[in-house]
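Down below is the structure, laid out as structure tokens.
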Amino acid sequence: MDLLNSDIILINILKYYNLKKIIINRDNVININILKKLVNLEELHIIYYDNNILNNIPENIKSLYISNLNIINLNFITKLKNITYLDISYNKNSNISNIILPHSIEFLNCESCNINDYNFINNLVNLKKLIISKNKFGNFNNVFPISIVELNMESIQIKDYKFIEKLINLKKLDISFNVKKNNIHLIKFPKSITHLCDYQSYKENYNYLKNLSNIIEYEFDDTIDVKLSDIDISKYYNLQYLDIQNCEINTDILLCHTKLKKIKINFNNSKKNIIIDLPISLECLKISNNFNINNYYFLTQLIRLKKIKIVNSYINILNACKSIEIIKFISCKSTYNFNFNCLEKYKKLDTLSLGFNNIYNLNECILPISIRQIIINNVEIIKKSNFLNNLYNLEYFEINSIICNDIITINLSKIKIKHFKIIYCNDTLFNIMLPDTIEIIEYIHDKNINLDWKKYKNLKKIKTLNNMKDILYKIYKNTNVEIEII
């Protein structure tokens, strides 16, 4: 039976009729006569540019993704009266500033669209989230509807922040990488703001933080020198994440009354005794450059602590709550010898990073059998790794940032790991033996190591650098091993 073209179109319409989402690319181009009749279609991603497709988008569409297509004429959007989500980012030559967008839009992404006139936004009375980052500086007075809850203005080089004071419903604000001199320190930000990112933006001081009593997350960057005593961080009761790594710790850290869950502290090689009072809600803690072994006493009070990371610091013993799951020591030292026996009590420990200048009693202690992941960045620990023998649940083994002139032998053939990773060990030579259980090898290393790639029967994936590409493609040409070049 011969079918007419109209019959074929009808069959295809019935085939696609109930689809809610379609992605159009070079390999999946839909007939425009079918597309415009898909009345149930809600979400459309167009990755392949075709003007006929744009002019036949169903008017009932709710979400449209047309990023980086070099579209010039966006007039077709005005017909989409039900659209709530619109992504037109990276269309640098479009006429977006000259059209009236549908009032229904709640999410608009026009990042990197070469915009300098933003008045078209004022019409969007239902707008909740707006991304206009990486565009040109313009006049923002009376541009943004007060409905906006999230606003991303990264890298626009804002000079006058006065417009933000009117956004009374604003909760999340990203003004990072605005390096031009501006008046932010004179602005009274809306109290509604809970998340503020001003990373690497120009600021004369932090006076603008005073009004942000509801802030939940904040990170101090290194654009200006600031002392902790200059900022009363204790008044931010709703804080959940705080990064003060770029603050000079010249006063006590008193935050026990907050809702803090994560904090990063840099002691800047100080040997001062600091009173640290953190809430029991804390789950993640990072301490850097602490040269005073007495500044860890507060850890025992943190009964919900799950993760601790200690970097370039002095520590002799770790006394924390027994429920801790992740412990990472990176480039750490001790005034005498770190007592590894203190790790035996952490029966829920999942991940352990061992970066110490000595191994003292590591091979004599009995590490928790709960450990599934080990990360090592000390050559002496690699050479004497008997402590691994009792880790029956170990699945992941990583060698990180080891530099040595000798050839290092690593025998893991009897340790039933599934994932092995070596990274940042430039100019170091290894002789590595892995078990048959190995499934993933990450070889982010610029030297060819002595490793028998062929014998691992369970191997599924290798991630490596370009220098190993030809060798591995040849070895695994007719196998199911996936090779990813990074």
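Glycine is no exception: its Cβ is also placed from the backbone N, Cα and C atoms.
Features reported for this protein in Swiss-Prot:
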type: REPEAT; residues: 18-39; note: repeat 'LRR 1'
type: REPEAT; residues: 43-59; note: repeat 'LRR 2'
type: REPEAT; residues: 60-81; note: repeat 'LRR 3'
type: REPEAT; residues: 82-103; note: repeat 'LRR 4'
type: REPEAT; residues: 104-125; note: repeat 'LRR 5'
type: REPEAT; residues: 126-147; note: repeat 'LRR 6'
type: REPEAT; residues: 148-168; note: repeat 'LRR 7'
type: REPEAT; residues: 169-190; note: repeat 'LRR 8'
type: REPEAT; residues: 198-219; note: repeat 'LRR 9'
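Through the fold, the repeat 'LRR 1' (18-39) approaches residues 9, 12, 45-48, 50, 52-53, 56-58, 60 of its own chain, all at least 6 residues removed from its boundaries and within a Cβ separation under 8 Å. For the repeat 'LRR 8' (169-190), the neighbouring stretch richest in Cβ pairs under 8 Å, chosen from 60-81, 82-103, 104-125, 126-147, 198-219, is 198-219. Note on the repeat 'LRR 4' (82-103): DSSP counts are 3 helix, 3 strand, 16 coil.
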